[in-house]
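Sequence annotations record features per position, and here TrEMBL assigns transmembrane segment to B:25-47, B:67-88, B:100-120, B:162-184, B:196-216, B:228-245, B:257-277, B:284-303, B:309-329, B:336-354, B:400-417, B:491-518 (among others).
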Ligand SMILES: Nc1ncnc2c1ncn2[C@@H]1O[C@H](COP(=O)(O)OP(=O)(O)OP(=O)(O)O)[C@@H](O)[C@H]1O
Ligand SMILES: [Mg+2]
């Protein structure tokens, strides 16, 4: 569904991040095109989150550069967000003592410009801007299904809703590219389904999505393209089918060389039947079932 | 304000007829105990007028007996309300037992404090008249009965809607009562600590009782429903305050409270909203004060200019702003505790610099330890601030003039705080305080936003300092220390903010009031003030980390709509306690 001829929203070239002797990310190239949902998978400690941090300026990459719509971004988080890349965090980082609405309003920061003076003078311009921000924030809460919780403190939300709120907050900056770091970690299957729908809806609104996830069914349902990171290096990149059937990926996840698993055919059929309803519905890779089980367990460890 | 019967109550207490006979009996006994305490205050408790307040008279209560009287009446009334007496049930919208316990304990504590103080001050129990013994017994009984009562705490009852004039009258009454209570405390005899200690005990227990009874929540519902009325009422209360004072030492307390409360509120922007620990805030007050003193036309000033007052205030604010930016710009780029260390250093450097710019150790600017005295009295439109004035038959002394001037500054700072706090920039401050990484990832330029908060705080301190210099008519370096027995010092200000409640308006005002007034009234405490600070803060952090006045955001935690999904909400149901006292 994506044409690779359009100019990419995100171009990461040769991104390398070293912490002392540890190379967490090594020469990773990645493009994300408009309207695309790209997955980033890899075992724990592969450097996925570190890669996100490099993209968003939280870390200054040791080498390499990140460009948004062709312009190279300075490694300053607020400038990256201003340019149009928004993100969520693997370990939820909401403003715990602010209300749900206020959290989203903070997300609007870069798209409004009222400073101290207009806040003190409270002219009509200020009131209009404030009302517009509120309206937009409520719209986003509506969109993520949190509108009725607008006045709650964010720390009082259940886990799944906190993740949704992080997405709403990130969307408030009207990003061209949204980075999601394990958006379904800790969610039950229904919530995961809902998040899947939400990500599709976000894509349909014209925001490209780059998503880290350990839930393979989620990733392969959702993504147009998947990149696999192992020990800081990009191992494979391609469509779900390509990635699922790549022996090196399976080896990286299971830690053992792949040998045609008996009964894999049946497992794949079950998978396909389950995923049949979804539009991506392309789950034919033999070892997926095993892969998913293995990684779900690991996600729980990670949390 | 009768209770709505449709509201489900967890404990079977909605219908007074349905309560167990034991409960009814205990409540009746409590009411009787309250009445007995009231009666005892009409007797003599001691034989000599040497004990402050003259407790020797049969026939009417005096001194500390008044506190027992008021709390005794309250105990009796609340007990009658608990018995379901028609017309009184509005007193206990969220249950009576806890409130009764507090009132009974308060009556007991005040009375026993008085009785023991009599025995100690006058050397021996023989100094107690029978009235004292009766009071001691009469106030002990309700403590026993109320602690045998079953707990009947229930969610706040929705009261019937009253006509709006009645609501407004209630608000006015609350502010009048608040003013009376504050006045009573301020006017207690400063030569003897006993009346003020008794007052503190009584107010503390009564305040907790009102919170437990749910009256405070009722009032804060009313005040938020009638915001502008409340603001007008608060304003009037604050303005009339000096007209009720018959001694200039009382109005002086008022001016100082207004100044320190304002400075604490300015610091609250930095500490409470933006989460920047500024341990040298008093230096900005000093910058403003020294600047204003230098340009005031004082004979001791090394600069031979005489700015009008408004220009001196602006100069003070601007110079403070410059210092704020100079200190903040390099430090705020770093994360962590650097700011606390740098501001701590700045505070000390400021004081030492003022000491040494005396013409011998450095250039002659500040006269060193002598400071800059003889700042000429303020005169605005022919209104001399050092003269007494009479307005409509009410007299206003020099302190009263400065009080009203300072009140103006307080109002400006309150406005700035609430407007800035409730805007894009204020949300950015809170976001930075909550999680700086997430805030910058949301597009907030952390450095810029923090610098604005820091500089704004510095400017407000500078403005307050300029007014303070004129009020004091002198500035000396030793006023601007990190910690010391006399406010303002940086420790005092930070403690006022933390004690009162970070990020709120009422909090620092209340905190500064308490921290200033208590050592002033209890002279014997003065040497131990820092120790008392420390103990108070430790106790606070243990039992009420959000401060006396909880943040609106923290209050939301206990909000009805949020109750379903509040994990581990504790039983605190406190409203904005500080509102009524905020104007002091
Ligand atoms: N600030 C840091 N300093 C030192 N080492 C770091 C830092 N951040 C990450 N690392 C290391 O970099 C490696 C990659 O970590 P990262 O968090 O990016 O993994 P991940 O792929 O997101 O894993 P997970 O699936 O568990 O989230 C790990 O070995 C981690 O310990
Ligand atoms: Mg990670």
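Glycine too: its Cβ is placed from the backbone N, Cα and C atoms.
When the stretches B:25-47, B:162-184, B:309-329, B:491-518 are ranked by Cβ pairs under 8 Å to the transmembrane segment (B:257-277), first place goes to B:491-518. Spatially, the transmembrane segment (B:336-354) is adjacent to the transmembrane segment (B:284-303); three or more Cβ-Cβ distances between them are under 8 Å for residues at least 6 apart in sequence. For the transmembrane segment (B:491-518), the list of distant contacts is 185-186, 196, 200, 253, 256-257, 260-261, 263-265, 267-268, 271-273, 277-279, 281-282, 414, 417-418, 421, 430, 482-484, 525, 530, 532-533, 536-537, 540, 546-553, 576-579, 581-584: same-chain residues at least six beyond its ends, Cβ to Cβ under 8 Å. When the stretches B:67-88, B:100-120, B:228-245, B:284-303, B:400-417 are ranked by Cβ pairs under 8 Å to the transmembrane segment (B:196-216), first place goes to B:100-120.
With a cut-off of 8 Å between Cβ atoms, the residues of this chain six or more beyond the transmembrane segment (B:284-303) that come close are 263, 311-313, 315-317, 319-320, 323-324, 350-351, 354, 364-367, 370-376, 457-458, 461-470, 472, 474-475, 477, 479-480, 488.
The stretch with the most CB contacts under 8 Å to the transmembrane segment (B:400-417), chosen from B:25-47, B:100-120, B:162-184, B:228-245, B:309-329, is B:228-245.
Residues 168, 171-172, 174-176, 178-179, 182-183, 186-187, 222, 251, 254, 394-397, 399-400, 403-404, 407, 410-411, 579, 582-584 of the same chain lie 6+ residues outside the transmembrane segment (B:228-245) yet bring a C-beta within less than 8 angstroms of a C-beta in it.
Beyond the ends of the transmembrane segment (B:100-120), by six or more residues, the same chain brings 27, 30, 33-34, 37, 40, 45-46, 51, 55, 64-65, 67-68, 71-72, 74-75, 78-79, 82, 127-128, 132, 135-136, 139-140, 142-143, 145-147, 149, 194, 197-198, 201-202, 204-206, 208-209, 212 to within a C-beta distance below 8 angstroms of the stretch.
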